[in-house]
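According to TrEMBL:
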- His9: active site, tele-phosphohistidine intermediate (ACT_SITE)
- Glu86: active site, proton donor/acceptor (ACT_SITE)
- Arg8, His9, Gly10, Gln11, Thr12, Glu13, Phe14, Asn15, Arg60, Glu86, Glu87, Asn88, Tyr89: substrate binding site (BINDING)
Amino acid sequence: MTTLYLVRHGQTEFNVQKRVQGMADSALTPKGIADAKALGQGFKTKNIHFDAAFASDLTRAVDTAHFVLSGLDEPIPVTTLMGLREENYGKFEGQLANDFSLATMGIANFHDALANSRNNVGPDGRCSF
């Protein structure tokens, strides 16, 4: 039986600053690094082994994968795939999420809108969210 583990990237500087982060890249914070390493140790403690590892080609995803895998006894290469990137939020990339939410999109909270409206066309007609 094949088991698939999905891991979100560790906390980034943009996460802390509450900036829109889709295809914009942002470095992991010390907490993001520590969390990824702790997850790797958790996998090791539970004797979980991997045959393959995949991440988007964005630095935050690749770094998270490397930190998770660094705690394992067997080195596993990370295969990067552009298709695993997050959505592209166009001109909103890198902006403070709630600074533009109400004025630009007519919503009070950008993150709530993402969670509740997956069928709408995104900013500038890009990926739907």
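Numbering starts at 1 and runs along the chain as displayed.
A Cβ is built for glycine as well, from the same backbone N, Cα and C atoms used for every other residue.
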**OP:** Rounded to the nearest Å, what's the C-alpha distance separating Arg8 (substrate binding site) and the residue listed as 'active site, proton donor/acceptor'? Just drop the number here, would you?
**Re:** 11
Subject >> DSSP state at Gly10 (substrate binding site), helix/strand/coil >> reply: coil
Subject >> the residue listed as 'active site, proton donor/acceptor' and Phe14 (substrate binding site), distance between Cα atoms, whole Å >> reply: 14
**OP:** Report, as a single number, how many Cβ atoms besides its own are within 10 Å of the Cβ of Gly10 (substrate binding site).
**Re:** 26
Original post:
Cα of Gly10 (substrate binding site) to Cα of Glu86 (active site, proton donor/acceptor): how many Å, rounded?
Top reply: 14
**OP:** Check the recorded positions Arg8, His9 for other C-beta atoms within 10 angstroms of each C-beta and report the one with the most.
**Re:** His9
Original post:
Reported as an integer number of Å, what is the Cα distance between Glu87 (substrate binding site) and His9 (active site, tele-phosphohistidine intermediate)?
Top reply: 14
